[in-house]
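Features as listed in TrEMBL:
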type	residues	note
DOMAIN	8-187	domain 'Phosphoribulokinase/uridine kinase'
BINDING	Gly13, Gly14, Thr15, Gly16, Ser17, Gly18, Lys19, Ser20	ATP binding site
Amino acid sequence: MKHRMPVIIGIAGGTGSGKSTFTNRLKDEFKDQVTVIYHDNYYRAHDELPFEERKLLNYDHPDAFETELLLRHLELLKAGKTIECPTYDYSRHNRAKETMRIEPGRVILLEGILVLFDSRIRDLLDIKVFVDADADERILRRILRDTKERGRDVENIVDQYLTTVKPMHGLYVEPTRAFADIITNSGMNDVAFDLVRCKIREILKA
Ligand SMILES: Nc1ncnc2c1ncn2[C@@H]1O[C@H](COP(=O)(O)OP(=O)(O)O)[C@@H](O)[C@H]1O
Ligand SMILES: Nc1ccn([C@@H]2O[C@H](COP(=O)(O)O)[C@@H](O)[C@H]2O)c(=O)n1
């Protein structure tokens with residue numbers, strides 16, 4: 001049977017905006033019919049640096065990501081090939097040893113703060129979503145999440161937010177809203193969810 005190119009849906013937005021919430025709702029709905037790729041898994045490996053230096057790096061600048069690898073992987077998936085996706089360990093600020101095999105599916109969700117930043121990635125996206133939320137809500141959510149799930153303490157989260165997360169958001173994340181086809185005010189917004197859900201159903205039926 002002829003291979004059909006996967007449709008790639010980019011889900012962008014600031015930290016804590018609700019990207020994963022939105023993505024997970026779609027994954028729950030479509031299960032194995034959609035594949036999720038987390039941009040965070042493409043953070044560069046920094047085995048050459050000790051932990052104390054890795055924790056001070058700027059993780060909100062586009063250069064923090066290995067974009068060439070992500071591009072290559074998206075091209076391979078588009079060509080119907082399987083990829084070995086890297087995985088990331090936030091508690092060590094480094095790429096993990098394990099990789100994840102990803103088979104080419106009909107629909108790929110690509111989620112991350114900067115998935116709409118690079119024009120080469122953007123060109124591979126068929127639908128672009130930007131999840132929006134007020135900065136105060138985002139940082140509060142991040143504090144709760146990162147202390148529970150990413151092995152961080154509040155002092156470190158606040159310091160990182162003020163030195164890199166907030167300024168990079170204004171410079172690199174926020175401007176990509178202009179590229180979005182759909183802007184939603186929350187990952188829990190049912191209308192936006194329904195729009196994307198209908199679109200995916202249509203693609204899977206075709
Ligand atoms: N609309 C919302 N109302 C309340 N909590 C939310 C909402 N959206 C997300 N959250 C919570 O905030 C945290 C961060 O959301 P998440 O979807 O992981 O954001 P992102 O992937 O954009 O960083 C999670 O714990 C999530 O459950
Ligand atoms: N070692 C790292 C790598 C990334 N981050 C932060 O993750 C944020 C992106 O993930 P979201 O789920 O919040 O969208 C980004 O803002 C980085 O600052 C980190 O803290 N440490």
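Here the Cβ of each residue, glycine as well, is placed from N, Cα and C on the backbone.
No curator has checked TrEMBL annotations; they are predicted automatically.
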Specify the secondary structure state of Lys19 (ATP binding site) as given by DSSP, simplified to three classes.
helix
Filtering Gly13, Gly14, Ser17, Gly18 (binding-site residues) by proximity to ligand 2: which pass a Cβ cutoff of under 6 Å to any of its atoms?
none
To see if you understand the setup: which same-chain residues, six or more apart in sequence, place their Cβ under 8 Å from that of Ser17 (ATP binding site)?
Val131, Asp132, Ala133, Arg138, Gly187
Measure from each Cβ of the binding-site residues Gly14, Gly16, Ser17 to the atoms of ligand 1 and list the residues where some distance is under 6 Å.
Gly16, Ser17
Please classify the secondary structure at Gly13 (ATP binding site) using three-state DSSP.
strand
I want the residues beyond Gly13, Gly14, Thr15, Gly16, Ser17, Gly18, Lys19, Ser20 whose C-beta is within 8 angstroms of the mean position of the ATP site's C-beta atoms, in chain order.
Thr21, Ile113, Val131, Ala133, Arg138, Arg141, Gly187
Quick one, of the binding-site residues Gly13, Gly18, which Cβ has the fewest other Cβ within 10 Å?
Gly18
Counting every protein chain shown, other Cβ atoms within 10 Å of the Cβ of Gly14 (ATP binding site) number 26
Write out the long-range same-chain contacts of Thr15 (ATP binding site), meaning residues 6 or more apart in sequence whose Cβ is under 8 Å from its Cβ.
Asp60, Ile113, Arg138, Arg142, Val165, His169
